[in-house]
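Asker: Have a look at the structure that comes next, please.
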Amino acid sequence: MMSHQLPGIDLTREQTDILDTCQPPPTNGSKGQLVRVTAAAGTGKTTTLLSLALRAVEKGHTHITYLTFTKAAALDGTKRLSKTLATGSLAGRVIVDARTLHSCASQALNQHRRNKDPNVDLGQRIWSDKKVKKWISETLQAEIDSFLEPCFSELQRRNSNKMKNNQAVFETARQRVEFYLFKTLNNFCTKSMSRQDFGKRTTFGRVYYPAMKFHRSEKGDKLGFSAKVYGNRIDWYADMACILWDKAVEQDIRTFNFIMKRTQLLCLEVPGTILLIDESQDMDGCQVNWVADQVKYSKHAYVVGDAAQSIYGFRGAKPEFLMDLANDQEKMLTESWRFGPAIAKIANLVLFAKEESDQTSQIYDKRRRCMKWKNWSPYRVKTGKDMSAVVTDESLLSNWETYRERSEQITFIARQNKTLFVHALQLMGFTPKSDEDEKPSAQSDNRNDDEDDDFDILDDNYDTPPAQENETHRPAAGAQPDQPISFPRMHINGYGENSGRKAWLSMFKLVGAIYDLFKLQQGNNESSTTMRLPPLLFPEFAGRDIDWKSFCEDVQEREMNKYSVPIAVVKAYQDHTMSAVQRFKRDVIERNYSVEDADIILTTCHAAKGMEWQHVQVADDFVKLADYVIHNDEKPTPTFQPASKKMKTTQKWKFGFASWGDDVNLAYVACTRAKQTLSLPPCVLNSIRDFDTIFAWNNDDNPPDVDLPHVHGLAHRDRTATPENLKEIGSSLVHKYRVEVQVPNGLPLTEYLLT
């Protein structure tokens, strides 16, 4: 058989190992194989997939299906695969089907329905979340009223003389119940759970967890939901969600989640004899289950991704789903061609911190009867060649003019859009009135900027004339310094409704009303502090008088994430909010510089996923690596020990990240976008400095017991360092890391890692 390979490409050993797993199409209805490939940042994943497609053709496959998450990635996959498989003797021999997972599910479901009824109407439109919420309210109106009766009775008892106030609280309570119904239904759609299990009250995780937490806490009691009454009625949400699901199927209601869930429950087949699933760490439980079931249809599946780069937890994606695959083989791509050793060391520092935390654990694999990694399989990035690179603690943004003179760009990566907004204005000389520390919450769920709630775009009351191209600008009123300055040309990375210019323009529609609400709280005691928000922009608050505090609490509790960035902007700029918005719109949005013309590219980490740039500065709003806690390790002792002594408890220091959440993964993704220059923020640098401080103290012949050094990772937890702490952290973490990265004896990490 003739061998085909990509021209001019020498594959690594890891890549050839993956290609060697490729088998001919299964015959006689036999089961296919499932191969999981962990692909670290910049490790030639695209080259591997294209080479795998060529190898599949050699093995006799004539229909290759490539699945990914975004339409742009699917189109790119179509282009690359078609070009690769359309040369020479391969031309016309292979069908290439590149789609998003949702598109593939929709196609499969439509075919299924057409097979059942050739005259079926397939033209239904996709419902928005807003429409689904309204449908839930109308469909279960009587059931919701009945569920709320004890709540309303309690509220009337408490406020018998405040009828007007009661009505507002009643509406808030109803909205909370409807929200939890919506989330419980959506939660089912993103899980691998069967409809039968969803209907059983003994099934773990059938109810949206925050609903359970709310009804058993003081927050619920404050709103009239007595824990004594509602604490044992939590299953009502899942029971009602079962009714909603059955009606949605009966009425053929279509949302992206409903389509995917119906496809998974029906176990519909994906076309092709070999499936290449890219960015698989972003799959939710429903999608993982559907993909894994495809091997039953005599086809092979390659699931390619990296659990350490899973950053879409707010959409239901969890790395444990990827790790729970019943794969037949597992392969790794860890040799990066994006960056050299200097940047690889920083990437591995983040991975070291992740491994030495509760984010890394093992559980028992019943299928294989052995232990397996739960959330990710620890690895370290290697470098394919010795590429020169710079890792620095100096700001690149402050030297943007130097980079412009060299015709080079700087990319600024942040976790939150608010951080991009603040830094862009600072470059223009506009400083926020209350410049809050750019830090994530203790453990964020990273939902601030990425969900689309399908809201209307109305008129813009804050337009200002665009500035002339080469004009020198003066900061708006209230900004400092109040002197003319020049500023860089900025481009916002991202496309579609949820990121980039469109997302910013949509957000600015909300700022004006939110700012007005904020200003009311600053009025005198005689003034009303409540207002009605515009119903078309704020449909969740239609007809309701609300104050600033209640608005912010509702946004957080009901996860109305489209309002999070406007709130953050108003809090940061306060009286100067509208001037700040005008300035950003005029000099960033309306100028609309292309990528090629920009001096600085502004991007969130989510929008940066899968991309790379020469010079990158990481913002200081990612998780603090410098965070250490004592962890109790329980290890089994020999079986002949008495039962009371079966487990031996030892203490060790770990990084203090929670076992769940995407924050560490976001930091890893951000630090691996750079090819040549990487500027690190304090949230990463402080861990390096801590390690140097602790190493120096432990290697002092006479370390002092008083005047102990400041350790960021202890101060973060409001702890003062003790000699015992410094010794234990030194042995648990510092020494282990220095040995791993082979630091020359006595050399500080800051000198070794920063170039």
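Glycine is no exception: its Cβ is also placed from the backbone N, Cα and C atoms.
Below are the features listed in TrEMBL for this protein:
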type     : residues                                               : note
DOMAIN   : 18-340                                                 : domain 'UvrD-like helicase ATP-binding'
BINDING  : Ala39, Ala40, Ala41, Gly42, Thr43, Gly44, Lys45, Thr46 : ATP binding site
REGION   : 431-492                                                : region 'Disordered'
COMPBIAS : 448-462                                                : compositional bias 'Acidic residues'
Asker: Using DSSP reduced to three states, classify Thr46 (ATP binding site) as helix, strand or coil.
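Answerer: The residue in question, Thr46 (ATP binding site), is helix (DSSP, three-state).
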Asker: In which DSSP state, out of helix, strand and coil, do we find Ala39 (ATP binding site)?
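Answerer: Going by the DSSP assignment, Ala39 (ATP binding site) falls within a strand, counted as strand.
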Asker: Hey, what's the Cβ neighbour count for Thr46 (ATP binding site) at 10 Å?
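Answerer: Around Thr46 (ATP binding site), other Cβ atoms within 10 Å: 14.
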Asker: Within the domain 'UvrD-like helicase ATP-binding' (18-340) only, compute the mean pLDDT.
Answerer: 93
Asker: Give the sequence-ordered list of residues that share a chain with Lys45 (ATP binding site), lie 6 or more positions from it, and have CB atoms under 8 Å from its CB.
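Answerer: Within the chain, Lys45 (ATP binding site) has Cβ neighbours under 8 Å at Ala39, Asp278, Val304, Leu333.
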Asker: Using a 10 Å cut-off, grab the number of neighbouring Cβ atoms around the Cβ of Ala39 (ATP binding site), all chains included.
Answerer: 25
